[in-house]
Amino acid sequence: MAARVGINGFGRIGRLVLRVLLSRGMPANVVLINDPFITTDAMAYIFKYDTVHGRFPGTVVGKEGKLEITLNGHVYDIAVSACKNPAEIPWGASNVEVVIESSGAFTTMEKAHLHQQGGAKKVLITAPSADAPMFVYGVNHQSLKADQTVFSNASCTTNCLAPLTKVINDKFGIVRGLMTTVHSTTATQKTVDGPSGKAWRDGRAAAGNIIPSSTGAAKAVTAVIPELKGRLTGMSFRVPTLNVSVVDLTAELKTPATYEEICNAVREAANGELKGVLGYTDEQVVSSDFVGEPMSSIFDAKAGIALDKTFVKLVSWYDNEWGYSNRVVDLLLHSLSLH
C-alpha cells in the first residue's frame with residue numbers, strides 16, 4: 001500500500017509535485033493539502049490550468065473540504081485544510097508519513113519540526129535550508145539515513161549544478177569555480193516596481209528587466225560535495241521568461257583536458273550513473289525546448305567554451321519547475337524506501 005503523504009503550500013512546486021505523482025500513478029498517496037491562503041475552488045482552478053505546463057489532462061473539482069481528481073480512470077480524493085500554524089495541521093489524524101513542505105515559510109529545522117508536532121513523521125523541505133541536511137538526487141541522496149526526519153531537496157539551481165559539478169570534479173578536479181544562473185521569473189518577484197527589503201533590485205518589474213540577484217545554489221553544492229567548500233560560489237540574473245533556466249559554470253581544472261574530453265565525460269555520466277538526472281545535448285537548443293524536461297540538468301555541448309585545457313565555461317539547462325518537482329518526488333520515494 002502506498003505511503004500517505006501531505007503537501008503544505010499549494011504554490012508552483014506544491015502543485016507540480018502533485019502533477020508528477022499523478023503522472024507516475026501516485027506511487028505515494030497524497031491524502032491532505034494544506035494552504036491557508038486559497039479556497040478549495042481556487043485550488044482546483046490553478047491546478048487545472050497552468051500557463052507554462054498546460055492544462056491538467058484529467059479532471060479536478062473543488063468540493064467541501066477536498067479536491068476530487070480523476071486521471072486515467074482513477075479517482076483521488078484529497079482532503080484540504082487551511083491552517084497557518086503547521087502544528088495545527090491534522091497530519092496525524094490523516095496518518096501522513098511525509099510532509100512535502102513547499103510553502104517556502106518553514107525551511108529551518110525548528111520550523112519544520114512544527115509539522116511533526118501536527119503528527120507528521122518526516123518533513124521534506126522543497127527549498128535550501130540553513131540547518132537541515134540537504135540532498136541532491138543522483139549526487140548524495142544515498143547518504144540520507146532512515147532516522148533523518150527533516151531534510152531538504154536543496155534548490156532547483158543546486159539540482160542542476162551539482163550533477164555537472166560532480167562529474168567534472170570527479171574526473172578532472174575543480175581548483176575553483178564561479179557559477180551564474182540565468183533564471184526565469186519566480187513568484188517572489190514583482191510585476192511592477194516596488195519595495196523589496198534590503199535587496200532593492202529584487203523589487204524591480206520582472207517583465208521589464210534583467211535583475212542581478214544573489215543565490216545560495218553554489219554554496220549549497222558545497223554542502224552536498226564538501227570537498228569543494230571555499231572553492232565555488234555564484235550569482236543569479238533573473239530574466240523575463242516564465243520558465244526554464246540555465247547554469248554557466250566557469251571553472252579552473254586540476255587535470256588539463258580538452259573540451260571534447262570534458263564533453264565525453266559528461267556524456268558518459270549522462271548515459272551511466274547519472275542517467276535520468278543529467279542529460280546531454282549537442283543540438284542547437286534554446287530555453288523553451290526544455291519546458292517539461294524531467295531531468296535536473298541537461299549539458300549543452302554546443303554552448304560551452306574553453307580558453308585552454310584548464311579554464312572552461314560549461315553550460316547546462318534545467319526546467320526549474322518540472323525538473324525540480326521530479327527530484328522532489330524521487331527523493332520522497334527514496335526516503336520512503338529506507339527502514
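One is the number of the first residue shown, and numbering goes on along the chain from there.
Using N, Cα and C of the backbone, Cβ positions are placed for all residues, glycine too.
Taking Cβ-Cβ distances under 8 Å and a sequence separation of 6 or more, the neighbours of Cys156 (active site, nucleophile) in its chain are Ser245, Tyr318, Asn320, Glu321, Gly323, Tyr324. Under the heading active site, nucleophile, Swiss-Prot lists Cys156, citing sequence analysis as support.
Around Arg12 (NAD(+) binding site), the same-chain residues at least 6 positions away in sequence with a Cβ under 8 Å from its Cβ are Thr186, Ala187, Glu321. If you look up Swiss-Prot, you'll see Arg12, Ile13, Asp35, Lys84, Asn320 marked as NAD(+) binding site, on the strength of similarity to another entry.
The D-glyceraldehyde 3-phosphate binding site annotation in Swiss-Prot covers Ser155, Cys156, Thr157, Thr186, Thr215, Gly216, Arg238 and is backed by similarity to another entry. Under DSSP, Cys156 (active site, nucleophile) is assigned to a helix (H, G or I) in the three-state scheme.
The feature site 'Activates thiol group during catalysis' is assigned by Swiss-Prot to His183. DSSP assigns His183 (site 'Activates thiol group during catalysis') to a strand in the three-state reduction. Within its own chain, His183 (site 'Activates thiol group during catalysis') has Thr157, Ser213, Thr215, Ser236, Phe237, Arg238, Val239, Ser245, Asn320 as residues 6 or more apart in sequence whose C-beta sits under 8 angstroms from its own.
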Given Asp35 (NAD(+) binding site) and Ser155 (D-glyceraldehyde 3-phosphate binding site), what distance in Å do their CA atoms have, once rounded to a whole number?
21
My understanding is the cutoff is Cβ-Cβ under 8 Å with a sequence separation of 6 or more in the same chain; which residues meet that for Gly216 (D-glyceraldehyde 3-phosphate binding site)?
Pro128, Ser155
Measuring Cα to Cα across Arg12, Ile13, Asp35, Lys84, Asn320, which the record gives as the NAD(+) binders, how far apart are the two most distant ones in Å?
27
What does DSSP call Arg238 (D-glyceraldehyde 3-phosphate binding site) in the simple three-state scheme?
strand
With a 10 Å radius around each C-beta, find which of these binding-site residues (Lys84, Arg238) has the fewest other C-beta atoms nearby.
Lys84
At its widest, how many Å does the recorded D-glyceraldehyde 3-phosphate site span between Cα atoms of Ser155, Cys156, Thr157, Thr186, Thr215, Gly216, Arg238?
15
Between Ile13, Ser155, Thr157, Thr186, Asn320, which of the binding-site residues has the fewest other CB atoms within 10 angstroms in the structure shown?
Thr186
